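*Asks:* Quick one: the structure is below, questions incoming.
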Amino acid sequence: MNRLPTEPKQDAESDSTFPWTQSKKRDLMGLNLTLLFFAGVLPTRRIASTSWRLRLYRIYPVVMVALYLMVLTAQCLAVYKFWGDLDAITDNAFTMVGVFMCYIQAAYAVTNSHKILRLVDILENQLTPQMKTLTSRREQTAIITNTAQKTRLLTWLMFVIVHVMLITWIIMPIIHRYRQGNEGAEVDLGKPSPYFCFIIWLPFDATASPIYEIVYSVQTICFLMACLYYTSINTVFMTFIIHTATQFKILVMSLRDMDKLFPVHNVKLQEESQVEPEHVAAGRSRDFDLSKCIELNAYFKECIKHHQAVLRFAAELNAVLSPLLQFYFFCSQLIMCVVTFQVVLSWGQGNGVLKFILGLAAAACGPLMFCWFGTDIIQESLAVQQAAYGCNWYHRSTSFKCLLAFVIMRAQKPVRLNAGMFYDLSLTTFTQKIFISTNKFTLLTSNLTNTFQKTIKRTINKCNLLIPKELKWKYSTINQTAPSLRSLIKIHKPDAPIRPTVKWQNAPAYKIAHFITDLLKALAPLPYNVKNSAQLIEDLQEITHDNNLNMASFDIKNMYTNIPTSEMLQIIKNSLIHNHNEDNIIDEIIDLVKVTINQNYFYCNKQYFRQEEVLAMGAATSALFSEFFLQFTEHICSTY
């Protein structure tokens, strides 16, 4: 960070350790800047005024980064060591991504500290409007003071809640370690040690004293600093957002006060006096107050200047905040996906699930608050247009109407803060993030494998036309097991979503699913079908085109979990009828399709789950059933 400019020397009474608490026009960010100081992000003016003090202060965050790099190295070694252990990898990914996010936030804040200080200066010393309102400046001061109290309360609440959760996370492993008295016990290096804050791996026994205490202390310090970075940086930007919405609220109040400050009967149109005869104008001169008209225009121009100042401040804030929020939202969504999966894995294990529930709440609350306050800015900025249009403009002068038209034109577009190029800061965005981070599955109370196996056998025995009696055994799975859930992080896609995959081998409907797939391809061929890329190239060559032809390829997001199974049976039945199949054969095929669709469950961490009203992940029939639904939809769109 660049060295902060030295301020003029203050008298003894105004000198303070934290210069932002000195006498100013407004003190809105004192608590936030104090937290940034203790986090090592922003030095005080007293420290910044002396080079040796500033260098000494910079040693503090450098030491914290060095300690974190040691912890990060141990976490990366744990990923390599325990690769294949889904529980350990997802647990490690949660803490690794969360702490890494906090340290990157701190690095970004240090790099852009001069921009943060500029925003503080604009907010505290320049942005407050110096205009007369209905209740003078007293009401403005009350609004700003209430907002400052609200932001300070928010900062303290977030600081206390995050650090209470941190203490809960930190003390559990060390209590567990000393309760069991494992100081001299053998350590299974093939499993993650439960006695540390993070899952780590070291090439030596780190559970023996005093190595354990040293390693645990380093982890605790890194965790404390990560939480301090998280609260100090997030709350300072939340404070900026809240005060921006407050400035729009003050502007709306000022616009609504115009009709009360300048009543219509005292502001007659100057143009009317110019077109009327002299004797009429003279009779109305007492009603025409030119000075009031000038005062109204001057007042309205001050409102416009204030509006422009708030817009410039919001643009500067967005320029600083947008890259940070893009990274923050990406990491938060990844954390929510991983932690939701961990909650499912560790459900019913007592204290083991508590830390993941707290972590999930922390990962969701930060984006929720940003989106909540971002929505406030959108609503308050739109209220400017309503307040401007709601005045008695039709009784005002032409010059006033021209100014009003510019204000309404600009205020029609709401002020939005962005998280990079992908998200608007609003509750709509938060809702989308939550839906992306959750899956549609229900916890089952028992293993349904035997039930499905019996149902499939009964259905196969009824299919005498499709399956000869001597071949019925061929389509019943022997030594059947429940489908097992696996996951794959799609790092090539935006937000790196987790792709759930289900292993269907040895599932009750595994063999019959392959039989149905081949049968439907033969009896109900799809009208739009490309076998492979070679056939696609041949078909494209037959199309007459010029050099301006553009081709596009579309991918369906989460296709299997978005295909409604309630409509699938009728679509397949209609396709079979269209291809002139016999009614008895159609009935048997539909029975087999129905029993295959119903087998939509999986096994994970000794628990069983079922997806509701969607196609089964991993089933051989799901790709073909999806194609039936899509081509039916295409047919409807092209026909109607």
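Even glycines carry a Cβ here, placed using N, Cα and C.
Remember, predicted model here, so these are calculated numbers, not experimental data.
This is the feature table in TrEMBL:
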| type | residues | note |
| --- | --- | --- |
| TRANSMEM | 59-80 | transmembrane segment |
| TRANSMEM | 92-110 | transmembrane segment |
| TRANSMEM | 153-175 | transmembrane segment |
| TRANSMEM | 195-215 | transmembrane segment |
| TRANSMEM | 222-245 | transmembrane segment |
| TRANSMEM | 327-345 | transmembrane segment |
| TRANSMEM | 352-375 | transmembrane segment |
*Asks:* Would you say the transmembrane segment (59-80) and the transmembrane segment (195-215) are touching, if the rule is that at least three C-beta pairs must lie under 8 angstroms and be 6 or more residues apart?
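*Replies:* They are in contact.
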*Asks:* Hey, which bits of the same chain come close to the transmembrane segment (153-175), Cβ under 8 Å, at least six residues off its ends?
*Replies:* 31-32, 35, 194-197, 216, 220, 223-224, 227, 230-231, 234-235, 238-239, 242, 351, 354-355, 358-359, 361-362, 369
*Asks:* Same chain, outside the transmembrane segment (222-245) by at least 6, Cβ under 8 Å from its Cβ: which residues?
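*Replies:* Sequence-distant neighbours of the transmembrane segment (222-245): 28-29, 32-33, 35-36, 38-39, 41, 64, 67-68, 71, 98-99, 102-103, 105-106, 109, 116, 119, 123, 144, 147, 150-151, 154-155, 158-159, 162-163, 166, 169-170, 197-198, 310, 313-314, 317, 321, 324, 328, 366, 369-370, 373-374, 376-377, 380, 415, 417, 425.
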